[in-house]
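Read through the structure below, which is laid out as structure tokens, and then see the notes.
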Amino acid sequence: MPSLSALLGLCKLKVVALILLTAVVGMFLAVPAPYLPDAVLVMTASVGISMASASAAVFNHIVDEQIDIQMARTDKRPLPQGRVSRNQALVWGVFLGVVGLGILQLFVNTITMVLTFISLIGYAVVYTIYLKRATPQNIVIGGAAGAAPPILGWTAISGTQSIEYAFLLFLIVFIWTPPHFWALAIFRVEEYKKVAVPMLPVTHGVAYTRLQILLYTILLFLVALLPYLVGMSGVIYLLSAVILGFIFLGYAIKIYTSPEDNRITWQTFVFSINYLMLLFVALLVDHYFLIIL
């Protein structure tokens, strides 16, 4: 039997935590301030969404096992190390997915279960099995699955009521995804070449990818202003979005203007995670301390 730590190692817990944060913020924003969403519903939806996300991560590990063995970033994962067999991982992934989706269906609502299932298939099958190996736009197209959690959180609490605001949160994560992953892809470009994964810097070159990171970061800066511009959020969020956006843009400019310094790509990748976390925390804080100028 595999150890609990090995099974949890298949779940990409840090990624799941970020997914859960964006989903929970979606839950709270779905309820007009100063009211709070039902605590039991928040907890139940969080468990279901987290388990489904972990299931998708497990299937990603299974499909990518041969790639992971050859990459320094991933060769210590449970499957390449032999701490979990493929059959054990498959059972674990199915268990997480079935239970997670079951919780959403039984204790939350059908629309959240269906959207979560679509996201799971989008990441575990469409992205991992096909897009990742088929096109340098894999991250762009597949990013839709990773951007869904704010919508899942919103529908868990309010169904489709005012769901257009949830799509603004989706759009932020969707535009954030390419510069986030392309920074890592540049940093690990030789490894991606070795395993023949057509990431953008492999197919179009590092210089082109640096430009795309800059352009997407500029677009992200603008998109992140939309919650304020449509009256969804106030000045607390606006100031946070502007400050975080300028910092992110500064990293993107450094990537573009300092091609010889590969360290900046890793620093950008790390900051991009902090950017998204802080931006969504700002959305939540602003929701309950709304200041509109």
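Heads up, residue numbers simply count up from 1 along the chain you see.
In case you wondered, yes, glycine gets a Cβ from its N, Cα and C as well.
Per TrEMBL, the features are as follows:
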- 12-33: transmembrane segment (TRANSMEM)
- 39-63: transmembrane segment (TRANSMEM)
- 89-108: transmembrane segment (TRANSMEM)
- 114-131: transmembrane segment (TRANSMEM)
- 138-157: transmembrane segment (TRANSMEM)
- 163-187: transmembrane segment (TRANSMEM)
- 208-230: transmembrane segment (TRANSMEM)
- 236-257: transmembrane segment (TRANSMEM)
- 269-291: transmembrane segment (TRANSMEM)
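Of the candidate ranges 12-33, 114-131, 138-157, 163-187, 12-33 has the most C-beta pairs within less than 8 angstroms of the transmembrane segment (269-291). Of the recorded ranges 12-33, 138-157, 163-187, the transmembrane segment (114-131) has the largest number of C-beta contacts under 8 angstroms with 138-157.
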